[in-house]
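As structure tokens, the structure follows; a few thoughts come after it.
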């Protein structure tokens, strides 16, 4: 989990638009963020394995 202060800081409107960055909506992680799903790779994997993300399945071949 990211610090609460960092999560609040990311939500505030920035003075300059280039400073804005994405954070995971679940845990607040800033790295390995997937825009399409709005979450980081770790939360994405957990939710996909539980079947909480429609249309996403684990691949096997």
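In case you wondered, yes, glycine gets a Cβ from its N, Cα and C as well.
Predicted, not measured: the structure shown is a model, and the values here were computed from it.
Listed features, source Swiss-Prot:
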type	residues	note
BINDING	24, 27, 40, 43	Zn(2+) binding site
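Annotation note: residue 27 (Zn(2+) binding site) sits in a coil segment as assigned by DSSP. Sequence-distant contacts of residue 24 (Zn(2+) binding site), defined as residues of its own chain at least six apart whose C-beta falls under 8 angstroms from its C-beta, comprise 30, 33, 38, 39, 40, 43. Taking the centre of the Cβ atoms of 24, 27, 40, 43 as the Zn(2+) site, the nearby residues of that chain (Cβ within 8 Å, site residues left out) are 23, 25, 26, 28, 29, 33, 39, 41, 42, 44. The binding-site residues under consideration are 27, 40, 43. Their Cβ neighbour counts within 10 Å are lowest for 27.
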